[in-house]
Amino acid sequence: MVMKKTCHFIVFISVCSFAVYSGITQSEPEYTTALLGEDVILPCTFSFPEGTPVPYVVQWQKQDVKIPIYIWYDGYPPHAGEGYEGRASLAGLAALNLTSVREADQGWYECKVYFLNRPPDSPKNGSWVHLDVLAPPHFKLKPPDTVYVKVGESVTLNCEAIGTPLPVISWTKDNLPLQPSPSIQITASELRINNIQQSDIGDYLCVASNKEGKVSSLTKVIVAGPAVITVPPRNTSKLEGGKVEFICEAKALPANITHRWYHNGVDITQLSWLESRSLIRKDGLLFINPLTAEDSGLYTCEVSNGIGNPDSASAYLSVEYPARVTYSPTIQYLPAGLSGILRCYVQANPPFQFINWTKDRRPFDPNANPGVITLNNGSLLFQRVSHEHQGRYRCTPYNVHGTAGTSNIMEVLVRDPPMFIVKPHDTYQKPVNSEVKMPCVGSGQPKPTVVWRRDWFNLCYGTTCSVFLEWLALHLTGSRG
């Protein structure tokens, strides 16, 4: 035989040598198993030609993978395919040592041995090994921890697991095996409960098992309920400038409770004068700081979780403050010889207890002045006004919290009461379709207002006012006051 020197390129290894011939390998496939994460050796048995060791190349191929996963040739760095770097190495003459086995490693492997410069003893070349990777189950898809339902609804719980061997799915309810029924359907990957009743409520356990182990996932099926207030707000009184907290605790299933607060029926988020000073916490507590008198009123807490009707509870807030004067007329006219009232316009919470008066910078005691009475609203009633009552008055109201201050000066001027300069006759007789004029002029200081009435209904209002009846039609003239 004439030996011919040639160069051959085997996949990723360039080998400059003599002619290459296939070695003898076994033709019957082998089967081996490995646990997930452990190491395994895939066998490859062969014999050298004529029993004499010669240079050779080992190539391992995985079915459906185009590029060899491992190539070895003595004296050259081995080649490991993608995903096998650092995990594949030669064991013995041609066996493949595979470490940290993965589920993706499962499948058929072919070992090929190539001899250099030797004729084959057999035309057979190729050894097949099937690797089974045994893996305990783990979930690919599992149901949620909690499912909220309404009576009469249907619910589906999905549960899928992978592993080797393929896991078997089973279900239990409240630790008892669950069997199919007219309302319960069980498939390989889901559990469906139709027309849920109270008896269907409970703990459902999905169990995935194979001979390598098992895993489970628990789901609580709960009947959903609307939000209910458990601790309602309570009526309270606070001082102006202070702060207040209204509690509104609630429970619900599911517990995704939304709290809304209203002031006298209006959402407080729509009240700019209140919204800027208020805060609603996640637990429903309403906090207002600082308080003003306008904050008094009815506060309503409304809770909802989207199921059923909202629940609500109300409480009244009374913001207390010292008595204060809200308005002080600069001049107050009182009619001489008649009764007259000098008002002190007061706002207080709680109501005022008493009012102190001064006249011309001196204390003025109504009880010490005959003909002067203090009314329930704190005003002064002069039963018969005289010029002695004229002067500069001030009032100071008080309640349990004291006073916010004294009024401005109210100057009382005593004037004669209005009198007629011109007044209408007692009776007018006119033919039909004619005109009638009824004059009415008064005098006084300040200038009096004239009011005309017919059958107790106002016809004319002003400082001067005349009424004309023309062609039985009513005409009003005069300057309006």
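From the backbone N, Cα and C atoms, a Cβ is placed for every residue, glycine too.
Here TrEMBL flags 1-22 as signal peptide.
For the domain 'Ig-like' (37-113), the DSSP-based tally of helix, strand and coil residues reads 6 helix, 33 strand, 38 coil. Annotated domain 'Ig-like' per TrEMBL: 37-113 (among others), in sequence order.
Positions annotated as domain 'Ig-like' by TrEMBL: 137-216 (among others). Secondary structure of the domain 'Ig-like' (137-216) per DSSP (helix as H, G, I; strand as E, B; remaining residues coil): 3 helix, 47 strand, 30 coil.
Here TrEMBL flags 226-318 (among others) as domain 'Ig-like'.
According to TrEMBL, the feature domain 'Ig-like' maps to 322-413 (among others). Here the domain 'Ig-like' (322-413) returns a mean pLDDT of 96 for the predicted model.
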